[in-house]
Each structure stands twice: as structure tokens, then as C-alpha cells.
Amino acid sequence: MEKNINEYIDHTLLKRDVLTKEIDQAINDAIKYKFKGLCIAPFWVSHVQEKLHKNNVLVVTVIGFPYGQQSARTKAFEAKQAIKDGADELDFIINASKLHEKDQDYLRKELALLRKITKNKIIKLIIETGLLNKEEKELATKLGVEAGFNFIKTSTAVNTSGATVEDVKLMKKIIDGRAKIKASGGIRTLNQAEELIKAGADRLGTSNGIDIVKGLEGKSSY
């Protein structure tokens, strides 16, 4: 690996009943362990941004979470507000219905809009690999890259199983150096994290970051 493992990790806290004290602890943990970013719901962006920015930790949030079923305009509005609140990077969930229907026209228009309104921000497209067949994985990755997304991300870990080495390898082949890969969901051990990085992952999304850094096995599915 080119970097220490902590530098690959977006420390993640996206459970639906998270409390302020848990968010504050996540902020402190992200700073202490020098994680690349802290990934939280849009509601918390304004709360975390000042302390994280002072300590060189990226504020990462999710848009259209967790199912991607919002309209393109709704996702755009949510993204604009998150940026205004202090988000550095935005992870968008693809519209799985339109992907399964292979409605490339709709998907291209939505992704183009999201790229346009986010300007120079780093954006990631979550394709939810666990719900897709090989052809759909290839199509979603291709559309995200063509739209100018900076990363293609495997999954939310809410709806399906998480990242696999096989999926990362497939995505890397399609991307062919034009974007990066974020592996997310079900990453619990240092060995698993290292295997995903070896396969081509540039970033890891996990709530088990502390355990991974310590060489322990985490228990969270996120």
C-alpha cells in the first residue's frame, strides 16, 4: 500500500437513530486516527464541518440515501444544501429502478445534472453492487465515469451485501484509470481492507475503522 490504512478510510456513521453524542465521538475518532474523512448524513454536515476542517479531515455526506429514489431535482437540492453547510465530498445513490430498466437516457440526464451543480466538488456514485448483475454493474460504472464522477462506490451496505474483491476488480477494469473506486459495506478486518485496496480500491467506507487500524475485527455491517 502507498499509504497507511487510516488514510484510505472514510469513517462512517449513518445509522438512522444516531445521537449527537455519537456524532461528536465520531468527530473525535476521525481526528485521533487521522482518517481521510467522516461520512455522515446531510443533517449533521453543519455540525461536524468546523472541527473536521480545522483538523484536515474531509466532510463526506450521502445524497439520495439510502435508496436513490428521489427525483433528480430533489437530489440536486439536497446536494446544494450539503455543500452550503460545508460538505467536501458527496456520495450519490444511483436510481436502481432506472438502472434495472436500462433507462440510460434518464440516468445520463440525472448524473449530468448532479455533476453540473456540484461544480468542483469530489462526487461519488454508489451503484449498489449487491443488487446488480454483471451487465448492470458494468453499465452503472460506465455511466458514472462518463458523467464525470470522481469515484464509483460499491454500496451503501443498507440495502445489500457490501464490497467484494471481485466487484472492485470488475469496476477497475471498466474505469480504466478514468476515476477512482470507493469500496464500502461489510469491511471489518485489516486483511479484508488490504485485499480491497490490492484489488483497486482507492478509498474505504466503514464504521469499523478503529478496529481495522488496531488489527481487530469490527462488528458493524456498515
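Using the three backbone atoms N, Cα and C, a Cβ is placed for every residue, glycine included.
According to TrEMBL, the protein has these features:
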type: ACT_SITE; residues: ASP91; note: active site, proton donor/acceptor
type: ACT_SITE; residues: LYS153; note: active site, schiff-base intermediate with acetaldehyde
type: ACT_SITE; residues: LYS182; note: active site, proton donor/acceptor
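LYS182 (active site, proton donor/acceptor) and LYS153 (active site, schiff-base intermediate with acetaldehyde) are 4 Å apart (CA-CA, integer value). Sequence-distant neighbours of LYS182 (active site, proton donor/acceptor) (same chain, six or more apart, CB under 8 Å from its CB) are ASP10, ASP91, LYS124, PHE151, ILE152, LYS153, THR154, ALA201, ASP202, ARG203, LEU204, GLY205, listed in sequence order. Within 10 Å of the Cβ of LYS153 (active site, schiff-base intermediate with acetaldehyde) there are 30 other Cβ atoms, across all protein chains.
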